[in-house]
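Have a look at this one.
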Amino acid sequence: MAVVVSELTENVAGEHAQLVIPITLFVAVLCLCIVIGHLLQENQWVNESITAIFIGSITGTVILILSKWKSSHILTFNEELFFIYLLPPIIFNAGFQVKKKQFFHNFLTIMLFGVVGVFISSLIITSGSWWLFPRLKFHGLTARDYLVLGTIFSATDTVCTLQVLHQDETPLLYSLVFGEGVVNDATTVVLFNAIQKIDVTKLNSKAGLRLIVDFLYLFSTSTALGVTAGLLTAYALKTLYFGRQVTFMCFTRSKIVLWEISGYSQTVSVKFGIHWNLIFQFAYRHASIREIALMVLMAYLSYMLAELFELSGILTVFFCGIVMSHYAWHNVTDSSRITTRYLFAMMSFVAETFIFLYVGMDALDIEKWRISKLSFGTSVAIYATIILLMSLGRAAFVFPLSALSNYMNRRADRTYKITFRHQVIIWWAGLMRGAVSIALAFKQYTFSGVTMDPTDAVMITNTIIVVLFSTVVFGFLTKPLISYLLPNSAPNNLSREESKILKEDMNLPLLSFEESATTNILRAKDSLSMLIERPVYTIHYYWRRFDDAYMRPIFGGPISSSSSR
């Protein structure tokens, strides 16, 4: 009996060590990656994503040698780990940190790039690969695989470009690149989920219509869930304002104590004063903890509810972040405001670094390369084909949709135009692939990070190589390209005259019961004319008025037409 217990104890201890040691090593490498990235942050050619990939590759090489060419991993990647733990903080932080004034001012253009652009790019990549792969002697992909392939390589990663652009110097360009990046990720995941539901044996106009209907359903319901979660959090924080409640309680109790000790000496009063001050500070700190905890848990709850109802958690948590930043952020204490910004940014940064570090290691996974039976020349031809199709897919919608956006935002009194140089930068920013492409590829072609099918192994290696090449090579060239195209960046803001008119118009009511019906009708006609001539500006203008008049008084936030948050 004692021998059995001893063996059982040793087995448990061995399993514990097998779990703890890899996690310890990976966290140590993660810390090293952050330190080196900080030291290289001023480098013109290297950014944090490239740094993480290089360190991951070096670490993978060392592990590969020590394991006698058996494995390059410290940990085994699980696609569920990515979708449940790593992706939510990245997307939520993108929504929470977004500059909403610029984002919603350019909302229609961003949606054109991030939604319509994904469909155009996916169509070109799917059609091109379906036609070219058999000619490159690569067979075995199903119709669903080709559709998924177009979706995987339509997911952009604009981090490299955003690290170079300056929001104050190029607000329009920064807003478009950032906005398209986050909407693109959400749209790609929604489209990926919609493709899983269609019958690929009957690819016709009816199947295409079903795909669009499923996409619109997932997009709208996921957005509604995220907005609802954000508004519910804002209303709860505004109604249960922890900081204000604690202040009232301390004031009341302090008053009672001071009344009770009024007959004592001054020394006793000072001691009691210090005592109650310490209680106040302790309670106030706990109020901030509750506020932050509620925001974090509600954001994660919205994501998990979306996954539970088979919606898009990415889209849900993104819009939840926007709504929380717009309303809930103003209902918390000053310390909570500062803490939430750094907390969400930190979680997103660690998750992104984790992913790129793993990609660097996974590039040296010997097993996947052994299972793949394609020749070196065929593999290189496939990589080049995918990158070429990605470039064509980007160009097919960036330049036409930019022209359409310029036409829709035409105004005689406003300098608001996506120049050709801006269009080139937007096109270039979308050529890099990252975390979402990796996650979707693993979800489609592996089971818990492992695959034994040669065709699936080829698709995984294709994705890894394309992500590595686009991140490293295109990332290296991003700073020089932007420096060449935008040597003297100047702010692209509203003119002073327009800003003055906008502030004056914001003071007018949407509908006045104190004015005559004729005046209201004339105002409605002017509004309809403005909507036809300047749709984007008009929608944004009336939303701000509605927000100040109805939403902010209920859910929180400063009632100001010039709010930049």
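Every residue gets a Cβ built from N, Cα and C, even glycine.
Pulled from TrEMBL, these are the listed features:
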TRANSMEM  20-40  transmembrane segment
DOMAIN    32-250  domain 'Cation/H+ exchanger transmembrane'
TRANSMEM  52-69  transmembrane segment
TRANSMEM  81-98  transmembrane segment
TRANSMEM  110-133  transmembrane segment
TRANSMEM  172-195  transmembrane segment
TRANSMEM  215-237  transmembrane segment
DOMAIN    270-482  domain 'Cation/H+ exchanger transmembrane'
TRANSMEM  311-330  transmembrane segment
TRANSMEM  342-361  transmembrane segment
TRANSMEM  381-404  transmembrane segment
TRANSMEM  425-445  transmembrane segment
TRANSMEM  457-477  transmembrane segment
Which sequence-distant residues neighbour the transmembrane segment (52-69)? Criterion: at least 6 residues beyond either end, Cβ under 8 Å.
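Same-chain contacts beyond the ends: 29, 32-33, 36-37, 352-353, 356-364, 366, 468, 471-472.
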Look over the recorded stretches 110-133, 215-237, 381-404, 457-477 and say which has the most C-beta pairs under 8 A to the transmembrane segment (311-330).
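Comparing 110-133, 215-237, 381-404, 457-477 against the transmembrane segment (311-330), the winner is 215-237.
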Is it the case that the transmembrane segment (110-133) and the transmembrane segment (381-404) touch, counting contact as three or more CB pairs under 8 Å in which the residues of each pair are 6 or more positions apart?
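Checked: the transmembrane segment (110-133) vs the transmembrane segment (381-404), in contact.
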For the transmembrane segment (172-195), I need the partner stretch with the highest count of C-beta pairs below 8 angstroms, choosing only from 81-98, 381-404, 425-445, 457-477.
425-445
Is it the case that the transmembrane segment (425-445) and the transmembrane segment (20-40) touch, counting contact as three or more CB pairs under 8 Å in which the residues of each pair are 6 or more positions apart?
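They do not touch: fewer than three Cβ pairs between the two stretches lie under 8 Å.
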